[in-house]
Structure formats: C-alpha cells, structure tokens
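Here Swiss-Prot flags Gly12, Val13, Gly14, Lys15, Thr16, Ile17, Asp51, Glu112, Gly113, Ala114, Gly115, Pro202, Lys203, Leu204 as ATP binding site, drawing on sequence analysis. The Mg(2+) binding site annotation in Swiss-Prot covers Thr16, Asp51, Glu112, and the record cites sequence analysis as its basis. Annotation source Swiss-Prot lists active site at Lys37. Look at Swiss-Prot and you will find Ser41 tagged as substrate binding site, backed by sequence analysis.
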Amino acid sequence: MRSFFVTGTDTGVGKTIVSCGLAAAFRQKQADIGVFKPFLSGVPRTHPESDTSLLKDMSQTALSHEEITPFEWKEPLAPYTAAMLEGKSVSMADVMAHWSKIKNRHECFIVEGAGGISVPLGENYLVSDLIKAMELPAVIVTRPDLGTINHTYLTVEYAKNMGIEVLGIIINGVRSRPGLDEKTNPSMIETLCKVPILGITPKLDHVSSENIQHMIEKHIDVSSFMNLTQMGR
C-alpha cells in the first residue's frame, strides 16, 4: 500500500474523522498503518480529545503524540499565522526531517493536512507544496451541501495543476434527511472533476471511535480503497 495525504476543500469538512475511520478500517484488515498530522492549532496534541489523540487511538500506532504531530500552536488559526503570533516558524525542511524519521515505521501512512489545500503552513509554502514534497497522492474531503461543487472543483483542478495525483473525493457530513442539493451534488462533482467519489458519509450525531469506524466501513468500500492505494500513476 502507498501512503496518501488527506486534504480538504476547507476547514471543518471532516478530514480527521475520515482519516481516523480509514486508519481503523485498514487496521481491521491487518494493514500496518501509521498516521502523521504535522500541524495542530488551538489545542494541545496530548489533550484526550485532540485530533492527534484520536488519530493515535484509532490507528493504534506506537508513535508518540510528538512524533505524530511535531508542531503545535496555541491559537486556532492557519499554522503559519499561529506560529508567527508565537514568534516561531517552521520550514518545509523541518517538516520533511520529521517525516523522514517516522515514514519507515509503518508500511503505509495516512497524512492529514490543516484546513484546505492552499492553507499556509510556513513562509513560502502551502499544504499543496507539502503534498508535492512528500510525493504522495491526495484524497480530498468535501462537504455535501450548496456551494460544494464550486469549492470541490477548484480544489481538484488546483491539485491537478500542481501535479498532485488525486485518488478521489469523499463527501462527508450528509444529513439524515438530505436536501436536494445533497442528493444531486455527488454526481455533478464526479462529472466535473473526473475523479471517483470514494464514499459519501453521513453527519455523525455522536462522535466516538466506534461510530467513526462503523461509518467508514459502511459507506466506503475499504477493500477497493486499499487496492486503489496500491496502484501507481
């Protein structure tokens, strides 16, 4: 299996839920899976409800919180902005150095970005630049409702123009009683973007490890997804 990068059309679209669910589902199928979320803003990485803690718990990796998330910032802002407020900076070389230390600890890694694909992570580099530097294909998480066609298309086209391989799209957060927009958007997104919809996942009323894993296993063909990660360009 190849490692891959989970990015999104925006913040709050469900990248962590999707990443955690995939990690648990892959592990259930005996995959040797690791997780890497290099940046975290607004909450300590060791907090039991942090994205880092959830990723660690659901992947069951032996990597420490510090290895999973080497850079954390106090303010819930874009990493570059949050770092500047603390008088700090993280270079692309810093991130890649941490990645080099852990990338051979597991057969496959799910790497999660921060916010959308164009969020600034440091001076002169964005999430997209990190994806390129890591030489990973991307999975794009998007929301299901009105406006998502535009945001998703722009994200996919931008990724393609950057030379990033897009494995597919996961539409996350569909309501229990979906509106007409949520019913019609997936087919339009797939037609316009010309990349596969890997899954359409519902909005969780209660977020727990069990619910996340069950949701992913129910709404995404995990075996096909794993096969997709084994295919090169």
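Each Cβ is built from the backbone N, Cα and C atoms, and glycine gets one as well.
Values in this document were obtained by computation on a predicted structure and should not be read as measured data.
Features as recorded by Swiss-Prot, highlighted on the structure.
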residue : record                 : contacts (Cβ under 8 Å, 6+ apart)
Gly12   : ATP binding site       : none
Gly14   : ATP binding site       : Gly8, Val141, Arg143, Asn172, Gly173, Thr201
Thr16   : ATP binding site       : Lys37, Asp51, Leu54, Leu55, Glu112
Ser41   : substrate binding site : Glu72, Trp73, Lys74, Glu75, Pro76, Leu77, Ala78, Pro79, Ala82, Ala114
Gly113  : ATP binding site       : Phe5, Val6, Thr7, Gly8, Lys15, Phe39, Val119, Val127, Leu130, Ile131
Gly115  : ATP binding site       : Gly8, Asp10, Thr11, Ala78, Val127
Lys203  : ATP binding site       : Asn172, Gly173, Val174, Arg175, Ser176
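DSSP gives the residue listed as 'substrate binding site' a strand state. Most Cβ neighbours within 10 Å, among the binding-site residues Asp51, Glu112: Glu112 holds that distinction in the structure as shown. Of all Cα pairs drawn from Gly12, Val13, Gly14, Lys15, Thr16, Ile17, Asp51, Glu112, Gly113, Ala114, Gly115, Pro202, Lys203, Leu204, which the record names as binding ATP, the longest spans 22 Å. Note: the Mg(2+) site is recorded as Thr16, Asp51, Glu112; in the same chain, Val6, Lys15, Ile17, Ser19, Cys20, Lys37, Thr52, Leu54, Leu55 also have Cβ atoms within 8 Å of that site's Cβ centroid.
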